[in-house]
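Q: Please find one structure pasted underneath; my questions will follow.
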Amino acid sequence: MKREKVIQVAGLTKRFGDFAAVDAISFDVYRGEIFGFLGANGAGKTTAMKMLIGISNPTSGQAQVAGFDVFTHAEDIKKNIGYMSQKFALYDDLTVRENIRFFGGIYGLSRERIKEKSDALIEELGLQGAAHKLVGALPLGWKQKLSFSVALIHDPKIVFLDEPTGGVDPITRRQFWEMIYKAAHQGTTVFVTTHYMDEAEYCDRVSIMVNGKIEALDSPKQLKEQFQAANMNDVFLKLARG
Amino acid sequence: MKTILYIIQKEFKQIFRNKGMLPIIFVLPLLQLIILSNAATFEVQHIKFGYIDGDHSATSRALVEKFDASSYFEVLTDFPSEVQASAAMLRGEVDVVLNIPPYFERDLQKDKHQSLGVTINAIDGAAAGVENVYVTQIIQGFNQGLRVDLQQITDQQVQAMAIETIPLFWYNETLNYKTFMVPGILVLLVTMITLFLSGMNIVREKEIGTLEQINVTPIKKRQFIIGKLFPFWVIGMGLLTIGLIIAKLIFDVPILGSLPLMYLYTSIYILVVLGIGLFISNYTDTQQQAMFIAWFFTVIFILMSGLFTPIESMPKWAQVLTEFNPIKYFVEVMRMVMLKGSGFMDILPQLSKTLLYALIMNGLAVWSYRKTS
C-alpha cells in the first residue's frame, strides 16, 4: 500500500550568519502518523518546526507541507495545519469559550460550527464548570489540553506540537497522549517534539536531531535494535553524546 | 470581513476587562485636560511689586496707588533705599521695583518731564517681558491722566497728543488663555492615548507569545491590522467627544465651527497616530522599548507643535521640520475650527496633508508587519 506523504523535506537548511541551526535535513512524514521529532536543547528542533509551519523562511532546501511549498505557499499551509507552541499561547484574559470562539473565527469557521465545536470540546475536556472562567485561572495541565484542542479546531491535516507536555504531571501527560492517539486515529498527522523518552516510545516513528542534523530516523523498535539499547533513553544518550 | 469582527470583538473584551487600563484610558486624560488647561497659562499675575518713594508727594502716592489698583500687581513693600530693594530682589521677595526719584512732583510740574527707574527680575525672560508691558501701560495711563490735569491748569494751549493704538483681539477677544489651550491639550490627550495603546498592543502579543499563534493561522495581514486598530480608533473618537463636552461645560470654550468637520479631521488624524504606533510595534520586541520610542516622538511632536511656543518664532529649519509633525496640523485645525469657525475649504491643506500622512504610515505599518521571519 502506497502511503500518502503529508510532509516532504529535502535538504532543508536555516542559517543564522555562519551558524547552521538546521543543517540540510531530509525526511518524509505519512498521513495519520505520529512522528516524534527528538533532539537535545538547541539541536534545532524548534527552528525546523517553525520553517515547516510557515513562520520562518528557510535559507535553502525544499519542503512541502500538506501539499504546499513552504517558500511560495506558506499561507496555504497555514489553512491546513494546527500548531501548539512551547509557550502557552491562548489569551489568559479571555474565557475558555471566548478563546475557542476567537480562534474558530479567525480560521473562518461558521458561527454554528463554532458553537458545535465549543460544546463538544468543552464536554470532551470536562470543562463544563470552567467554560466561563478566564483561561489564566486554569491549572497548567488544563491549559495544555485546551490549547491542543484549539489547535485542532479547524480539523487540520497536520498538527504540530512543540513540547506539549513540558511541566505537566504524569496523569495529565497520559491523558494528553490519549488525545494525541485519538486525533491520529481520526486521520490527523501528529508532528511532536518532546524531551520525554517514554513519550518517544508512543510514536510511530522517531527522528533524532543532533547539532542541526538528523542522525537517526526509524520506529522506536528499529532504533533500539540498531543501537542495541534497552530503551529510547539509551538510544538518545548514545546519539546525543556522539 | 467576518474575521476582522472576531478580532475587534476580542480586542474590546480585553480592553474593557483590564481593570488597570480603563482608568488610564478614560480618567487620567480628562484629569489632565482639567488640570493642564487651568495650569498651563502664559498670563503673568500676582507680580510682587516694591517701590522706593524718594518723593513722598501726592503725585508719587497716586502713582503707587495705580499699581495697587491693578489686578496684576501685589504691592508689597515701600523700600527706604535702593540697597534694600536690590537685596530683596536677590532673595526673590520682589519681581519689580519702581524707583521714584526725589522732587518727582516738583520737577514734573516745572519741567513737564521726569524719569522713573524700573527694575525687573528677568530670570524668566518671557514673564519679564510681560511685566514690562504691564508697568509701561500703568505709567502711560498715569501720564495721560497727568497731562489732562496739566492741560486744565495751563490754559487751553493746543498740544500734540500722542498717537494711541486700540488693539482688537479677534477670535479670542478677552485673550483668555484657556480658550487657546483647551483645544491644544485635547489634541495631546487624543494623540498620547491612541499612540501608546496602539504602540504597545501588538508588542504585548509578541511578549506573551500569542502573536506567534496568530501568525500560524491563515489570517491576512490587513485583516489583523484593521481588527487591531479599529478599537483604538473608536477610543480616540470617544476621547475627543468627552474632551469636547468638558471644554464646553467646564471651560466654556466657544465651538464656532462645525462638529462633523472636527470629527472628520480627527478620524483621519487618529489613523496617522495608529499607523505610527503600529510601525513602532513592529520594530520593537518589548512593551518597554515601544513605550520609550513612543515617548521620544511624543515629546518632540508636542514641543514642536505650536501648542506651547509659536511655530512662527522657531528658526527656519525647525519650521521645515514641523511640516512632518502630525500634532501641528491637529492643533491648527482644532483651534481654527473651534475658535474661528473655519470651514472645510479653510482646513483643506491640513486635511489633505494628514490624509497623505495616514496613507503612508499605515502602508508602512502593513508592509513592516511580517508573519514570517
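Cβ atoms are placed via backbone N, Cα and C, with glycine included.
Please treat TrEMBL annotations as automatic predictions, because they have not gone through curation.
What you are looking at is a predicted structure, and each value in this text was computed from that prediction instead of being measured.
As listed in TrEMBL for this protein:
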- B:21-40: transmembrane segment (TRANSMEM)
- B:147-372: domain 'ABC transmembrane type-2' (DOMAIN)
- B:180-203: transmembrane segment (TRANSMEM)
- B:229-250: transmembrane segment (TRANSMEM)
- B:262-280: transmembrane segment (TRANSMEM)
- B:292-311: transmembrane segment (TRANSMEM)
- B:347-369: transmembrane segment (TRANSMEM)
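Situate these features within the shown structure.
A: A Cβ distance under 8 Å defines the sequence-distant neighbours of the transmembrane segment (B:21-40), meaning residues of its chain 6+ beyond its ends; these are 15, 177-178, 181-182, 185-186, 188-189, 192-193, 197, 235, 238-239, 242-243, 246-247, 250-251, 308.
Listed as Cβ neighbours of the transmembrane segment (B:180-203) (distance under 8 Å, sequence separation of 6 or more from its ends, same chain) are residues 11, 25, 29-30, 32-33, 36-37, 40-41, 172, 211, 228-229, 232-233, 235-236, 239-240, 243-244, 247, 251, 253, 266, 269-270, 273-274, 276-278, 280-282, 284-287, 289-291, 293-294, 297-298, 301-302, 305, 307, 326-327, 330-331, 334-335, 338-339, 369.
Distant neighbours of the transmembrane segment (B:229-250): 4, 8, 11-12, 15, 25-26, 29-30, 33-34, 182-183, 186, 189-190, 193-194, 197-198, 201, 259, 262-263, 266-267, 270-271, 273-274, 277-278, 338; these residues of the same chain sit at least 6 beyond its ends, with a Cβ under 8 Å from one of its Cβ atoms.
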